[in-house]
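Working notes, structure below.
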Amino acid sequence: MDKYNLIIGSHVSLKANDFFYGSVKEALSYGANTLMVYTGAPQNTRRQPIELFKINEAHNLLKEHNIDLNNLIVHAPYIINPCSSKKYVRELAKEFLIQEIERTQFMGITKIVLHPGSCLDQDEDIALKQVYTMLNEIFATINTNVVVCLETMSGKGSEIGINLKQLKTIIDNVDSKKNIGVCLDTCHMSDSGIALDHDSFNQYLKEFDAQIGIDYIKVLHINDSKNPRGANKDRHENLGYGTIGFDNLINIIYHPLLNNIPKILETPWFDFHDQSISLYEYEIKMIRDRKWFDIKYKLLVGNK
């Protein structure tokens, strides 16, 4: 078996004045070799011109550190709901997602993660059809190499994308197969009811491969969960402090079928001495060492 190629990073900020260049610097400070960004605030449509993003500087810094641009991820804004019951909302979502895909491509990134949406008062089948119809319209409108990665969801409210059947329905009906993929989120999977112990996750991947195809998995979000399995809550926890557990997460991260696939941390920041600090540097070290330690305790007692 080939040596495992661990591609590990986290969500990082993208803000003035350094923009994308600053995002890369932040990722490097955590010891990461990938990253995920939003191209603007995830809760609104306001966006800075992409020309301000210092893209060349970011690309040069990535090259200096031998980081493959193809492993970087953009996350689409939360406000995009492809299966809204309101047509004008779906039209706005489509136009905004087209802009986000084009911004992703301009940055040289090839993957954008998308929440499939919430069907609200609609029938599930109608909602699923609206998602793949929108994606087909988008890929018929623009020529892009960007892959839209449907994120597995927790089942909070009326979210879709919570099981293989729903994901399969969308993917089967997207015409441009090169532009569609899946992002597995471990917190969302557990909160939706999927068991993530060693044997259960092996079985899940077998079922995924049989129903959809393992090659559609393009990225993983690695998060522990504050909730019991099946809670449908979506509350992320730091690695080893939640109900999934560090050993189960390490098994997922280093699973041989998931080699060469980017893994992205979205774990909470830690409230420490009247400030909030990132634990990504420590969590990435734990992942590389495959050994957990109680970083919150060590920070609190002043022993790093």
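Every residue gets a Cβ built from N, Cα and C, even glycine.
Annotated features, as they stand in Swiss-Prot:
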- HIS75, HIS115, GLU151: Zn(2+) 1 binding site (BINDING)
- GLU151, ASP185, HIS221, GLU266: Zn(2+) 2 binding site (BINDING)
- HIS188, ASP234, HIS236: Zn(2+) 3 binding site (BINDING)
Residue with minimal Cβ packing [other Cβ atoms within 10 Å] among the binding-site residues HIS75, HIS221, HIS236: HIS236
Listed binding-site residues among ASP185, HIS188, HIS221, HIS236, GLU266 whose Cα sits within 10 Å of GLU151 (Zn(2+) 1 binding site): ASP185, HIS188, HIS221
Lowest local Cβ density among GLU151, ASP185, GLU266, which the record lists as binding-site residues, within 10 Å: GLU266
Binding-site residues listed as HIS115, HIS188, least Cβ neighbours within 10 Å: HIS115
HIS221 (Zn(2+) 2 binding site) and HIS75 (Zn(2+) 1 binding site), Cα-Cα, nearest whole angstrom: 11
CB within-chain contacts under 8 A for ASP234 (Zn(2+) 3 binding site), separation at least 6: MET153, SER154, LYS156, CYS187, HIS188, ASP191
By Cα-Cα distance, the member of binding-site residues HIS115, ASP185, HIS221, GLU266 nearest HIS236 (Zn(2+) 3 binding site): GLU266
